[in-house]
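A.B. asks: Got a structure for you, questions after.
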Amino acid sequence: MDWKTLQALLSGVNKYSTAFGRIWLSVVFVFRVLVYVVAAERVWGDEQKDFDCNTKQPGCTNVCYDEFFPISNIRLWALQLIFVTCPSLLVILHVAYREERERRHRQKHGDQCTKLYDDTGKKHGGLWWTYLLSLVFKLLIEFLFLYLLHTLWYGFGMPRLVQCANVAPCPNTVDCYIARPTEKKLFTYFMVGASAVCIVLTFCEICYLIFHRVVRSLHRKRQPGGRGHAPSASRASTCRCHHKLLEAGDLSPDSHDNKLCASAPTMTPI
């Protein structure tokens, strides 16, 4: 993935995000992606080459390295960045589905017909649930990778000395030394802190979406017409459009599209 593709992806996600979502994208791009590209490879580039052990036994150093680093930190963070940004694609795909559905509707019934959606990118109906589901996935992914990072390396610290005991082909307990442990520990703390900030922002965005949904529902219930006014207007407008098509000769009286007026009240946007 090049920078242009990444920029287009982030711009598309940012277009349909809330204020918390835009801050989340900024944190991910500045404090995680850029820091990962600029500093991570330099800090962790020498991890296996400079992993020294006090033994000359062939293969012992590689086995001890694999024992302590089952997966490289830098590769784990790369997977985390990929998986944590993937749920945002659900929102983009749902909006694209709405736009295509709207295009086919206008192509079939004409430009004067009632729109299926006032705004295809507005988080109402199914898109609201898709957006909420993407946030829940982000939270789960963040917690999962933090758990893996904490479990695989026995905490977020980076010891100067590790010992390999009873590991073939090492003959006995072998002491191994990690290169630049302090720098790697500080970098690990920084990445964990960035993940924690993203978790807080995602949780705040979930609370904001739910609170805004509840307030909007209460406001609708307090209105005199309730929920019954909007379907009636939609049905009347759709029927007028249907009759115009009949007068123009674009539809036959016994065509399948005659059911459009009857089904108008049940056309719930997805």
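First residue shown is number 1, and so on along the chain.
Every residue, even glycine, has its Cβ placed from backbone N, Cα and C.
What you see is a predicted model, and the numbers here were worked out from it, not measured in a lab.
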A.B. asks: Looking only at what Swiss-Prot records, is Cys113 on the same membrane side as Arg75?
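C.D. replies: In Swiss-Prot, Arg75 is across the membrane from Cys113.
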A.B. asks: Can you tell me how the residues of the topological domain 'Extracellular' (41-75) break down into helix, strand and coil by DSSP?
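C.D. replies: Its residues fall into 16 helix, 2 strand, 17 coil.
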A.B. asks: Which residue counts does DSSP give the topological domain 'Extracellular' (150-187) for helix, strand and coil?
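C.D. replies: Output for the topological domain 'Extracellular' (150-187) reads 10 helix, 8 strand, 20 coil.
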A.B. asks: What mean pLDDT score does the topological domain 'Cytoplasmic' (99-126) have in the model?
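C.D. replies: Here the mean pLDDT over the topological domain 'Cytoplasmic' (99-126) amounts to 71.
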